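Trainee: As annotated by TrEMBL, transmembrane segment applies to C:12-36, C:42-62, C:92-115, C:122-141, C:161-181, C:212-238, C:244-262, C:269-286, C:292-310.
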Amino acid sequence: MPKAIIDVADVKVSFGAVKALDGVSLAIMPGECVGLVGHNGAGKSTIVSVINGGLSPHQGTILGEGELIARFGINAARARGVRCVFQELSLCPNLTVLENTRILHRHLGGLGWRKRAKQVIERSLDTMFPGHGIASDRIVGDLSIAERQMVEIAMAFSDGGIPPRLIILDEPTSSLDASLAEQMLAHVLRFVASGGSVILISHILHEIITTASRIVVMKDGRIVAERPAEAWTENGLVEAMGSVVKGEAHRRAIRDLAEAPVVVEQIGHGIPFRAKRGEIVGLAGLAGHGQTDMLMKLHASSGADWLPRRDPAVTFVAGDRRLNGVFELWSILKNFSVASLGDLASRGVVNADAEVQRAGEWKQRIEIRTPNMANRMLSLSGGNQQKVLFARALATRAPVVLMDDPMRGVDVGTKQEVYEIIRQEAAHGRTFVWYSTEMEEVCLCDRVYVFREGAIVAELAGDAVTEENILASSFTGVAA
Amino acid sequence: MRRTVSADAIRLAIPALSLAILLGAVFWLQPRAMSYIGLNLLFNLAVPIALATIAQMLIMSVNDLDLAMGTFVSFVACVTATFLSEEPFFGVLILAGAVAVYAMLGVVIHLRNLPSIVVSLGMSFVWAGLAVLLLPAPGGQAPEWVRTVMTMKPPVAPMAIVASVVIAVVAHFIVMRSSLGVLIRGVGGNQRSVERAGWSVLAARAAAYALAGVFAVLAGISLVGLTTSADANIALRYTLLSIAGVILGGGEFIGGRISPIGAVIGALTLTLAGSFLSFLRISPDWQIGAQGAILIIVLALRLLLNRLENRDKRR
Amino acid sequence: MRMVDRISRAPWIWSWFAAFLVWFATIMVTGGASTLGLSQAALTFAAFSIIVGIGQMFVITLGPGNIDLSVPATMTLAGTVALKLMDVDNAMILPGLITAILIGIAVGITNYALIKALRIPPIIATLSMSFIVQSAAIWTNRGLRIKPPSFLADFTTSTTLGVPNVSLVALVISVIAWFLLEKTIYGRWISAIGQSTPAARMAGIPVDGIRFITYVFCAVLASLAGYLLACFSGGAALNMGTEYLLMSIAVVVLGGTAVAGGDSNVPGIWGASLFMFLVVSMLNTYGLGAGFRLIMTGLIIISVIMLAGGRQPGAR
């Protein structure tokens, strides 16, 4: 019996009060492709970080080839041929493709390394994506998103001294079109057949079922199911992941909004964007295909950069809280009130009593779990921080709320509470423009625009808003 | 393929173009400058400025900024004019120590995650203090060999230009061609990806700082070779000149996007700007101001060209 | 206990503590003879760095990369032009002051125009601007040293109830600055921009407008300080602003304002400014020269930033 390349046993990881991994055991054998599925926040990324050495578990053991590795870190993992392709870009945008290859392969140094690096990356690119047309002396920042992802994947499979043995692919196809994705998955199968191992993470379930040899389902930091791929169906996977809201059950009654006035409009190339009063409009499509840009455009077109506006036209709920949501030095109170200070002040001086009172009302209304609104924002859990951001937006008088995938990493209970608030507010005439990467959220919307390569390629309304339709348009849609 | 060439070319074209235009203007105003001696005079002080610019560029390549460049070069000048000429052994020891201090600054800045602007601000006081202790009044004497090197008269082109070319080539090799250079720029571009590949970002940053220290030391030594004596305030302008040189040369403050050849061209442009203004017979009152104006004009030009480039890309 | 706890966590307390320590060490050497003189001198000289420092603090609060390097040039130009305009005439004091402030406004507007229009980092924009402003100062000054009007010369050098007048001016400005920062929407907004500019923009804050006002405010305070300093020292000199470039940044950092932005601290500026002056006079009293003084200053700045760098940002 061959020994597992990496075998993690009873691993626990917690971030503050949140248990990201709660006793996970996973062994990766040579020559298998393990599919890893689960909702956002199920712990997939965390277990990946443990396996690639980027995160040391607070408890549990890691074995390589049957031997206990005492100090498992990035270098130990790399020495064993463990590679990782991350969801976000992990190349240096200011370097050329071959210089990035040099960074990845530590043993490529010495005179003439450019030549070697060029060979290494070009051989890999040629094998995986024949006819790719990417010159290795191009600067990564000048490549398109798909080209970058191709380079990144090819780099993980390339052999620059230490042959790759276990490759972790985290949503590798998210920016590739269908034919490139097929090429890649075909290479994964070849790699596995030749004795390599792959961990494949993807939200496109049929990809996983057709490519993986074994599928592991994670939920709330645990492994909840594990079976050979043949034993799974897509529905079975969805059930095992514990899909909380099955779209249809919570589907809003289709409302007649034909008479409602258009409140926001954005005309670019592709189908024009319009949202009506009281409507919940979804932005769907593969991640990074222009949905956030659309929200930014909507915000910029009605925002004020120079003069304060008495009546804001739009307000925004961030998805990437750290980047454009939370003010880390501030209390919960100040974080809540920052967007509505104009209503809480006279002659530019903030009325502290009014501020505290308003915050108290919202604390009750959306149940922010904190003993004191004067506590630091960062003392809250992620879900509660997100609720504060919702309260911040809803407390303004803006008639349009823009939401940039705000439920990332939020627990199920909070989601349900927020969905309810959104429904209420929409019923009172607020318009919501909602970008979400979670299919069941998109299915809560009255109307959905599907994005591809920066443009709207499809508009779905009412009963047409289904997972199949959205997926179909995200892949087949042609940019106008 | 074609697009990348033009992107890179534009990055270098603007500084080269500014230099060419400026040089043309100088020759037009003062045809006699178009000679071996004339060029030597025009670019006389270019070598130390170019070296300091490369040093600043190395710091900027890891997304930091060194506000102590001027005082450090002054300090090195003072050491060169005193210890290095009288007791060469101690002199070398002190300068090696100074480079080590630079490496240490890189380590401290990285470990404690400090803003480099403030740390180097503090260091600028320290270097200034040490320089004042060494040379309370202008004086000292350049070591003979430094003087000889700096006043050499190579055939065809004057020393200042030959040396600038050598500096550009050496810096290009270290920063753009060597593995270490790739690593340093990688830290500037995406620190996490470098970390994930198993490199020590700490070591890379320390190396960038140490290299910067070496180039800055060379700047100080070469400066004394030209001026023959030193004083504690001799190179205070270099902080600003070096930053401006990097920017003029197409470098950017963050993201590890730098160009050593561009930086040297930027330094030459700044040096030439001084001469140009005196040829223009602009009143000496406005000389500094005109330098500021030139800086603004070049930056505006760059913005314009970047815009054009982006528009092409979008098509 | 809670009171003690709260105070010891206030970032400004350290600069005050250090200032007091140095003050005490200095008067001990002189046997207490110079207590009043030293205190008055400290308040007087600190006043200028306080005024400039507050302006710089507002800019630094805007977040990483925001810094105004044109402060010294603005001080010089404002001082020079104002003294030239007033021409020793007491009746011209107000026009002189207005002119100085107008110069500040003009410099501030141009600074931000460059930052915004050329999309260049503030450090380069304000630097280029400072070259031009400095040239303007050289051009107006022409080596002449015009005395300030007698009333202003008296006002800036004398005391009221034992307190130097310039430090009273600094106090008034500090109170205004404190009120702006702590009580008004504007203060909230600059803190928000400093913590996260994208988040501030998405929260509907008019980011450009606020940054613009802040750069103008900083330049106006610099020009005001230049006006007062020129009157205090009996005439404008071309190098009168030089030391305030590093000083203005140093007092902000030492005073406990977060260098990464978003968290500013007015009392800390006072402590730090007094401290910076007192260190110099202490080292002078001990007979140490300029070299040691500079080295000490540098080491102090570095130690403070190293200590502060490891500290968690305080709850606000």
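Glycine residues also receive a Cβ, built from the backbone N, Cα and C atoms like all the rest.
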Trainee: Does the transmembrane segment (C:122-141) reach the transmembrane segment (C:292-310), going by 3 or more CB pairs under 8 Å (6 or more apart in sequence)?
Mentor: no
Trainee: Report, as numbers and ranges, every residue of the chain located at least six residues beyond the transmembrane segment (C:12-36) whose Cβ falls under 8 Å of a Cβ in that stretch; write 'none' if there are none.
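Mentor: Long-range Cβ neighbours of the transmembrane segment (C:12-36): 42, 162, 254-256, 265-268, 270-272, 274-275, 278-279, 281-282, 285-286, 304.
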Trainee: Among C:42-62, C:92-115, C:161-181, C:212-238, C:244-262, which stretch has the highest count of C-beta pairs below 8 Å with the transmembrane segment (C:269-286)?
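Mentor: Stretch with the highest Cβ contact count: C:42-62.
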Trainee: Near the transmembrane segment (C:92-115), which residues from the same chain, at least 6 beyond its ends, have a CB less than 8 A from one of its CBs?
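Mentor: For the transmembrane segment (C:92-115), the sequence-distant neighbours (Cβ-Cβ under 8 Å, at least 6 residues beyond its ends) are 68, 70, 73-74, 77-79, 81-83, 85-86, 121-122, 125-126, 128-129, 133, 149, 151-152, 211-212, 215-224, 226-227.
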Trainee: Could you tell me what the rest of the chain brings near the transmembrane segment (C:244-262), counting residues at least six beyond its ends with Cβ under 8 Å?
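Mentor: Hits for the transmembrane segment (C:244-262): 10-12, 14-15, 48-50, 52-53, 55-57, 60-64, 66-67, 69, 71-72, 75, 191-196, 222, 225, 268-273, 275-276, 297, 300-301, 304-305, 308, 313.
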Trainee: Can you name the far-off residues of the same chain, 6+ from the ends of the transmembrane segment (C:42-62), with a Cβ under 8 Å from a Cβ of it?
Mentor: 23, 68, 71, 75, 122, 163-164, 166-167, 169-170, 173-174, 177, 181, 190-191, 193-194, 211, 214-215, 217-222, 224-225, 228-229, 232, 244, 247-249, 251-252, 255, 257-259, 261-266, 269-270, 272-274, 276-278, 281
